[in-house]
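A.B. asks: Have a look at this one before I ask anything.
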Amino acid sequence: MADVKKVVLAYSGGLDTSVILKWLQDTYNCEVVTFTADLGQGEEVEPARAKARAMGVKEIYIDDLREEFVRDFVYPMFRANTVYEGEYLLGTSIARPLIAKRLIEIANETGADAISHGATGKGNDQVRFELGAYALKPGVKVIAPWREWDLLSREKLMDYAEKHGIPIERHGKKKSPYSMDANLLHISYEGGVLEDTWTEHEEDMWKWTASPENAPDTPTYIELTYRKGDIVAIDGKDMTPAEVLTELNRVGGINGIGRLDIVENRYVGMKSRGCYETPGGTIMLKAHRAIESITLDREVAHLKDELMPKYASLIYTGYWWSPERLMLQQMIDASQVNVNGVVRLKLYKGNVVVVGRKSDDSLFDANIATFEEDGGAYNQADAAGFIKLNALRMRIAANKGRTLS
């Protein structure tokens, strides 16, 4: 323990990380630097400063990372139309590499020997934090208290906090029965009744979205302007990336968009049920595919779709800073050069419906695609040779007596 003199802790100010703070001070006899990230989770982060100071912390970092989060992590991910296991929009996963990056930056700034986090030994986040940290600073020491201590229940954490004078709320406002994580992209719910995969989630669990049944009876129309694959304006009003996502969360939430209840495969081997609200992200995914549908070459679009599951898996499992993810990102970004234009959407009772798309870079040619007289733009007789050449290998196989049965 003597080799650790200063540790940077990813600190929320909640029970777990407050206990970790004290545990680090006592177990390692070290100085602790706290880092609290504002990723748009909708909670006040300033109380973490007062709590850390009360626990003897001299160096306290509270960083507003909302713009960086959306600009450098969420937007690049959505250029790939990223979805994990067909449904999950990776709201938790995509936040972890930014936190890891900032932990390492602060460790370098403060001369810390180690970093620490509050992720448990049963989840994905420990992997995401630590893979990111090692990629950015190979020799860094990582302290993961949940893999070391014997405080394996909430009651034990509460008892430890009371014993060491850590401010807690044992009584007071009702605590959510769920384990929750939020940022500007989503809010997640795990644990509690959700651990029974047959039990329906309770309606009052959802924080961001109206139920589709109770959403407005009149649809909402919005127009999203794209530049190189990123949304830059809503209804003609220029916005920053964080402003875009904030507004889409608002209008999507009102219309009951973005709820999800899934069982996913964790990287550490177990299956886990999670419920997610991702109103803005759900809208972004639908709209981005719509603008790509008229601006991307067919084979480029198909290749992107083939590679997307691998890209999604890299994010989910913590390999954001890996060479393979960076390589894929260069390809994805190159594909977005002509992904410009406007998408018009109708939002109604949990549904996102594309009702229009236009672009100066559109590859859609109405003169060729029309069902009416095309004035010779497309010679239908050419199709006969095209079909015969593509059928050649199957005709040869059939002539050899090969069958599909």
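The backbone N, Cα and C atoms fix where each Cβ goes, glycine too.
Taken from Swiss-Prot, the feature ATP binding site applies to Ala10, Tyr11, Ser12, Gly13, Gly14, Leu15, Asp16, Thr17, Ser18, Ala37, Gly118. The L-citrulline binding site annotation in Swiss-Prot covers Tyr88, Ser93, Asn124, Arg128, Ser179, Ser188, Glu264, Tyr276. As annotated by Swiss-Prot, L-aspartate binding site applies to Thr120, Asn124, Asp125.
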A.B. asks: Taking 10 A as the limit, how many CB atoms besides its own sit near the CB of Gly14 (ATP binding site)?
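C.D. replies: Gly14 (ATP binding site): 14 neighbouring Cβ atoms within 10 Å.
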A.B. asks: Taking the residues the record says bind ATP (Ala10, Tyr11, Ser12, Gly13, Gly14, Leu15, Asp16, Thr17, Ser18, Ala37, Gly118), how far apart in Å are the two Cα atoms that sit farthest from each other?
C.D. replies: 16
A.B. asks: At the level of the C-alpha atoms, what whole-angstrom distance separates Tyr88 (L-citrulline binding site) and Gly118 (ATP binding site)?
C.D. replies: 23
A.B. asks: Could you check which of the binding-site residues Asn124, Asp125, Tyr276 is the closest Cα neighbour of Gly118 (ATP binding site)?
C.D. replies: Asp125
A.B. asks: For Thr120 (L-aspartate binding site), what is the secondary structure state per DSSP, taken as helix, strand or coil?
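C.D. replies: Where Thr120 (L-aspartate binding site) sits, the three-state DSSP reduction gives coil.
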A.B. asks: Taking the Cβ of Thr120 (L-aspartate binding site) as the centre, count every other Cβ atom within 10 Å, in any protein chain shown.
C.D. replies: 16
A.B. asks: Given that the record lists Tyr88, Ser93, Asn124, Arg128, Ser179, Ser188, Glu264, Tyr276 as binding L-citrulline, what is the largest C-alpha to C-alpha distance among them, in Å?
C.D. replies: 19
A.B. asks: A 10 Å Cβ contact count, applied to the binding-site residues Ser12, Ser18, Ser93, Ser179, Ser188: which residue has the minimum?
C.D. replies: Ser179
A.B. asks: Near the Cβ of Tyr88 (L-citrulline binding site), how many other Cβ atoms are there if near means within 10 Å?
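C.D. replies: Taking all protein chains shown, Tyr88 (L-citrulline binding site) has 21 Cβ neighbours within 10 Å.
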A.B. asks: Work out how many Å separate Ser188 (L-citrulline binding site) and Gly14 (ATP binding site) at their Cα atoms, rounded off.
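C.D. replies: It is 17 Å, counting Cα to Cα.
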A.B. asks: Near Asp125 (L-aspartate binding site) in space, meaning Cα within 10 angstroms, which of the binding-site residues do we find among Ala10, Gly14, Asp16, Ser18, Ser93, Tyr276?
C.D. replies: Ser93
A.B. asks: Tell me which of the binding-site residues Ala10, Asp16, Ser18 ends up closest to Ser179 (L-citrulline binding site) in space, Cα to Cα.
C.D. replies: Asp16
A.B. asks: Measuring Cα to Cα, tell me the gap between Arg128 (L-citrulline binding site) and Thr120 (L-aspartate binding site) in whole angstrom.
C.D. replies: 12
A.B. asks: Tell me whether Asp16 (ATP binding site) sits in a helix, a strand or coil according to DSSP.
C.D. replies: helix
